[in-house]
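**Q** OK, TrEMBL features for this one:
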ACT_SITE  ASP56  active site
ACT_SITE  CYS59  active site, nucleophile
SITE      GLU244  site 'Linear diubiquitin binding'
ACT_SITE  HIS269  active site
Amino acid sequence: TCSLLTEYKLSVSPEMDIMEYCRKEWRGNTPAAKRMRKGYEAVAQKFASIRRIRGDNYCAFRATLFQALSQATQLPSWLMNEDFTMLPENLLSQYDWIKQWQLKQKPGKKMGDISDEIKEYLMLLREKWKNLSEIKGPMEKQEACDKLFKNEEEEYSLYEALKFLMLSTAIRLYNDGRNGRRVPVFSWLLFARDTSSNPCQLMHNHLNHIGHSIGLEQVEMFLLAYALQYTIQVYRLYKYSTDEFITLYPSDPEEDWPVVTLITEDDRHYNIPVRMCQETMV
């Protein structure tokens with residue numbers, strides 16, 4: 001194949017020095033360019049390189065999952081749960097509207113019972129996470145991770161699993177809120193939107209379109225973090241020198257949640273910083 005084509009298909013580009021990348025992208029002397037350069041300099045205090053994430057509406061999923069898998073050393077407890085793969089059946093038996101879940105189109109494949117399809121995606125997520133967490137050597141782990149994100153069919157199936165986990169998490173939070181249990185602040189914000197006042201609307205107006213025509217909004221970044229039980233730390237470069245420059249989803253993370261780090265220039269597209277500088281490693 002022509003190299004240009006394969007390069008475009010790369011979901012996660014090879015490493016590049018952060019400051020070199022910044023100089024290439026932000027040459028001018030506008031206030032925006034200066035702010036971006038300052039932002040990248042701050043990231044470069046902690047990380048040596050950047051990897052560009054392919055820019056489609058899945059980039060928040062791609063960046064988060066790539067980071068989680070490339071540093072996975074064990075299966076998260078929710079993935080080990082026996083009921084994990086039963087989720088689609090269990091939820092569909094309670095909520096008929098989930099039948100309208102928009103599965104990624106598979107040309108020529110008749111849509112069977114969506115719970116079987118989704119179950120397949122969830123099992124794939126568990127299998128990949130398990131395999132990657134068992135690889136000890138950092139180089140081998142990185143290679144295996146790169147390889148996974150070059151397989152389009154599998155990659156998009158994993159995002160489908162993440163979306164379903166977000167729906168399942170949203171249903172749980174919504175019910176907790178209605179039953180007077182304590183829920184995180186973002187949950188109130190999520191269901192305060194006109195377009196997602198309940199999980200059914202969230203599915204129809206948001207989750208069904210993520211990846212196809214829209215990306216993740218900020219409040220959905222919180223939902224993704226809760227679904228994975230990971231803290232997503234984001235350097236938001238255009239917010240440099242404000243207290244939102246480094247934003248955590250969730251803002252008050254659980255102590256034992258692992259952390260993944262992303263970079264964004266605009267809250268729409270996400271890239272990933274890699275290679276922590278030696279002196280900052282605790």
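From the backbone N, Cα and C atoms, a Cβ is placed for every residue, glycine too.
Let's see these features in context: how buried, what's close, how far.
**A** On its own chain, CYS59 (active site, nucleophile) has ILE53, GLY215, HIS269, TYR270 as residues at least 6 apart in sequence with a Cβ closer than 8 Å to its own Cβ.
Residues within less than 8 Å, Cβ to Cβ, of GLU244 (site 'Linear diubiquitin binding') and separated from it by at least 6 positions along the same chain comprise ARG236.
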**Q** Suppose we draw a 10 Å sphere around the Cβ of HIS269 (active site). How many other Cβ atoms does it contain, all chains included?
**A** 18
**Q** Which residues of the same chain, at least 6 positions away in sequence, have a Cβ lying under 8 Å from the Cβ of ASP56 (active site)?
**A** GLY211
